[in-house]
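The active site, phosphoserine intermediate annotation in TrEMBL covers SER71. Summarising the annotation, TrEMBL assigns Zn(2+) binding site to ASP21. If you look up TrEMBL, you'll see ASP21, HIS132, THR134 marked as Mg(2+) binding site.
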Amino acid sequence: ALRLQRLNQNVAKNLILFLGDGMGVSTVTAARILKGQLQNRKGEESLLEMDKFPYVALAKTYNTNAQVPDSAGTATAYLCGVKANEGTVGVSAGVTRDRCNTTKGQEVTSILRWAKDGGKSVGIVTTTRVTHATPSAAYAHSANRDWYSDG
């Protein structure tokens with residue numbers, strides 16, 4: 001007999017987004033296979049720890065002007081919900097790379113800003129600099145992902 005799962009209508013207390021920059025489906029599959037092979041198995045049947053999470057999602061991120069995306073545009077897509085041009089960060093596709101005069105009014109809001117405005121605490125943990133393209137989509141608005149200063 002088929003049992004229907006009851007819908008969870010609880011309000012989430014916390015949200016944690018895990019992102020592996022450049023971790024497409026094929027990269028994750030290769031990691032599963034390697035893990036299994038290192039355990040003297042075929043590999044395809046292996047599970048990564050993230051495969052055990054109760055809820056996961058796959059985002060279709062791409063740039064509006066390039067077939068092969070970059071992390072600035074894809075981070076804008078998953079953090080802000082808006083597709084963007086290659087090399088731009090935290091702005092809509094109305095912004096042309098390297099043309100800062102196209103930025104005004106095209107800034108998009110990230111999920112971290114929405115959470116902060118809702119009274120939640122937010123943070124970013126990264127293995128790269130916080131000004132790098134991927135984490136910067138949480139707070140920056142720029143016509144070029146390389147326009148930053150760490151000093």
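Every residue gets a Cβ built from N, Cα and C, even glycine.
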* Asked: By a simple count of other Cβ atoms within 10 Å, which of SER71, THR134, the recorded positions in the record, is least packed?
  -> SER71
* Structure fact -> Rounded Cα distance in angstrom between THR134 (Mg(2+) binding site) and ASP21 (Zn(2+) binding site) is 7
* Under 8 Å by Cβ from HIS132 (Mg(2+) binding site), counting only residues of that chain that are 6 or more apart -> SER71, THR126
* List of residues, in chain order, with Cβ under 8 A from that of ASP21 (Zn(2+) binding site) and at least 6 apart -> SER71, THR128, THR134
* **Residues flanking the Mg(2+) site, with Cβ no more than 8 Å from the Cβ centroid of ASP21, HIS132, THR134 and excluding those residues themselves** => LEU19, SER71, ALA75, THR126, THR128, ALA133, PRO135
